[in-house]
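Okay, so here's the structure we're looking at.
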Ligand SMILES: [Zn+2]
């Protein structure tokens, strides 16, 4: 913070007023910057792929164009889901049904009707299975962690809901609802007219020839701080390369005569 203060007092005052848990990796307990924000940034990166290092005006244009397209495609998809009388989006339906099918294999013992809690035992599969997960419907939680993570009742929770005659559909988080999806993408964008018709900005951009970008040969070194998502990608790439190497070794092994 002292370093930021030295650089820019206004920036320091702005950041100092915000809870540090919300914008620093050192104070967020490993949640926000490690997973949530990074995931969100990767989504935006995915949409705006190829839009880096462009002039500012082109960057704004391409961002607007792709965002409009992104919203248009999803608005159409939302209408289609609504016409099909689906409760949730395709992703949610797929996950819900998959866990619903799995729930049939579990066994459940009712413990507390007041708390609607119960242990659920999974099916034996060879050496595996026979795991016990504890579901507490009143708290909307299961010890496997999937319900808490995805907001969709896992197979264990669905089994317990069935035992206590509770509607499983009512346990799915509201943000998966078709109406929520449609509301998200129902906003519209205003087309931008030609620059000649823009309002006068009351200022003039002046080119400063003293500011030049220094270009060096070779690839630029990134200053981005790497996180667990990068490590995972690097590991996957290394494993793929190793597999490729192994298969080429296999191909080069001389075949034995029959
Ligand atoms: Zn579970």
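Each residue, glycine too, has its Cβ placed from N, Cα and C.
Sequence annotations record features per position, and here TrEMBL assigns domain 'SWIM-type' to 133-165. Under the heading region 'Disordered', TrEMBL lists 220-258. Taken from TrEMBL, the feature compositional bias 'Basic and acidic residues' applies to 225-238.
Using DSSP to sort the residues of the domain 'SWIM-type' (133-165) gives these counts of helix, strand and coil: 17 helix, 6 strand, 10 coil. Model confidence over the domain 'SWIM-type' (133-165) is summarised by a mean pLDDT of 91.
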